[in-house]
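Asker: There's a structure below that I have some questions on.
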Amino acid sequence: PYAKMGYWDPDYVVKDTDVLALFRVSPQPGVDPVEASAAVAGESSTATWTVVWTDLLTACDLYRAKAYKVDAVPNTTDQYFAYIAYDIDLFEEGSIANLTASIXGXVFGFKALKALRLEDMRLPVAYLKTFQGPATGVICERERMDKFGRPFLGATVKPKLGLSGKNYGRVVYEGLKGGLDFLKDDENINSQPFMRWKERYLYSMEGVNRAIAAAGETKGHYLNVTAATMEQIYERAEFAKQLGSIIVMVDLVIGYTAIQSMAIWARKNDMILHLHRAGNSTYSRQKIHGMNFRVICKWMRMAGVDHIHAGTVVGKLEGDPVXXXXXXXXXXXXXXXXNLPQGIFFEQDWASLRKVTPVASGGIHCGQMHQLLDYLGVDVVLQFGGGTIGHPDGIQAGATANRVALESMVIARNEGRDFVAEGPQILQDAAKTCGPLQTALDLWKDISFNYTSTDTADLVETPTANV
């Protein structure tokens, strides 16, 4: 009877300092949704399965999480949105590990629930202030790169596994020389028998430095420093710094604590930190269980990464357009207002934490440039992996096609044209004087990955009359 034990309080007045969480609760048949929601509140804060006398030794009314609102999810029969408030004192300052151990620690295996999903959180300013936030942030990154008013362009070296160091460096050089700002290691290239990390760093940085000399622009290659232990990660990152790299990357799978450590290292060493969300779909893709990717975006902004993969709107990986825009908003805005159709359930003030740059990658190509610029805006890294490396005339041509497509779209935008409607025409005009772009448009004109997303918003705007 969690509800009777004080974990259900419909009259609770939310404090500015409370951490708020929204769970999608699917109770087992016969379990009352309010009771199920109170159980989630209890099991993620102070309760255990029975009443214990040691409760009397604590200020237990203060430390109980309170479920304060339960709504049925539209168009479902057995799912409910449970709003839960946690007192800020339940959490250790500046520790994502502790936050997740509480909120997502034990409740997901709870028997009274068929499934449970963490949909959104509101982190109070007082709590956010205990986190460093992004090491560099989008403003400083633009100043370091000397690139303003347009998205950054990147590409991932393909094939992701099997290249030797020298050939890997060639790919980096050609992509950057063709006009990209960044090339990146893939998430699973660390230090394998076919190419050890030091060899890759040396050849890649040679490619970067030559491309910079040729183009006169600042460029970078995301050197993946992911490794088995924190000591090895630091060793690789230090070596990358000695070679003059401006950016390193880590995978989400190294864990929240390691990511926070790397973010602190990155700020101390004036390094941009790119986070690849490797492994996130294991818990973020299903609609009824796990957690929503936007929660990870929020945690990662607190942890302090500069780039995070946030979905593409038009590519090959999972992501509903509306929700992808929202994941991007969580990363970039200074204060996000509640927006139910986008799945943003709470207002969130980010205090003075810097902004993360969202990264769009996976199955995008230059023929979609107008849509990408429209949906994602300018503070984003557009990564064309196959869209660069897969160009018939070679990597440098693929890079040039992407850069020309982007620049033509930005010029049209600056001239005040409707670049979304005129997008295909703008690209065609630009392609008249750029062979590689023409080739790319001809090759990929019809490719798009049209599957319905498994993770879509539940609350949809419905048109009302007389407005």
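In case you wondered, yes, glycine gets a Cβ from its N, Cα and C as well.
Pulled the feature table from Swiss-Prot, pasting it below:
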type	residues	note
ACT_SITE	K158	active site, proton acceptor
ACT_SITE	H276	active site, proton acceptor
BINDING	X106, T156, K160, R277, H309, S361	substrate binding site
BINDING	K184, D186, E187	Mg(2+) binding site
MOD_RES	K184	N6-carboxylysine
SITE	K316	site 'Transition state stabilizer'
Asker: Check the recorded positions K158, K160, K184, R277, H309 for other C-beta atoms within 10 angstroms of each C-beta and report the one with the most.
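Answerer: Selected residue: K184.
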Asker: If you measure from the C-alpha of K158 (active site, proton acceptor), which of the binding-site residues D186, E187, H309 fall inside 10 Å?
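Answerer: Near K158 (active site, proton acceptor) by Cα: D186.
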Asker: Considering only the binding-site residues K184, D186, E187, which fall within 10 Å of R277 (substrate binding site) when distances are taken between Cα atoms?
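Answerer: Those near R277 (substrate binding site) - Cα within 10 Å - are E187, in sequence order.
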Asker: Where's the emptiest Cβ shell within 10 Å among the binding-site residues T156, D186, S361?
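Answerer: So among T156, D186, S361, the binding-site residues given, the one with the fewest Cβ atoms within 10 Å is D186.
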Asker: Sort out the sequence-distant neighbours of E187 (Mg(2+) binding site) for me: same chain, 6+ apart, CB within less than 8 Å of its CB, listed by position.
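Answerer: Residues satisfying the criterion: N224, T226, D251, H276, A278.
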Asker: Within 10 Å of the Cβ of H276 (active site, proton acceptor), how many other Cβ atoms are there?
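Answerer: 26, counting other Cβ atoms within 10 Å of H276 (active site, proton acceptor).
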Asker: Same chain, not part of K184, D186, E187: whose C-beta falls within 8 angstroms of the C-beta centre of the Mg(2+) site? Give them in sequence order.
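Answerer: Neighbours within 8 Å of the Cβ centroid, excluding K184, D186, E187: T156, V157, K160, D185, N188, I189, Y222, N224, M249, H276.
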Asker: Under DSSP, is T156 (substrate binding site) helix, strand or coil?
Answerer: strand
Asker: Where does K184 (Mg(2+) binding site) sit in DSSP terms: helix, strand, or coil?
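Answerer: In the DSSP reduction, K184 (Mg(2+) binding site) maps to strand.
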Asker: Calculate the distance in Å between the alpha carbons (Cα) of K160 (substrate binding site) and D186 (Mg(2+) binding site), and round it to a whole number.
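Answerer: Rounded to a whole number, the Cα-Cα distance is 6 Å.
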Asker: Just to verify a number: CA distance, S361 (substrate binding site) to D186 (Mg(2+) binding site), in angstrom, no decimals.
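Answerer: With distance taken Cα to Cα, D186 (Mg(2+) binding site) is 12 Å from S361 (substrate binding site).
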Asker: About how far apart, in whole Å, are the alpha carbons (Cα) of T156 (substrate binding site) and D186 (Mg(2+) binding site)?
Answerer: 6
Asker: Rounded to a whole number, how many Å is the Cα of D186 (Mg(2+) binding site) away from the Cα of H309 (substrate binding site)?
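Answerer: D186 (Mg(2+) binding site) and H309 (substrate binding site) have their Cα atoms 12 Å apart.
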Asker: Hey, does DSSP put S361 (substrate binding site) in a helix, a strand, or just coil?
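Answerer: In the DSSP reduction, S361 (substrate binding site) maps to strand.
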Asker: Translate the DSSP assignment of H276 (active site, proton acceptor) into the three-state scheme.
Answerer: strand
Asker: Determine, to the nearest whole angstrom, how far the Cα atom of K184 (Mg(2+) binding site) is from the Cα atom of H309 (substrate binding site).
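Answerer: Cα of K184 (Mg(2+) binding site) to Cα of H309 (substrate binding site) measures 13 Å after rounding.
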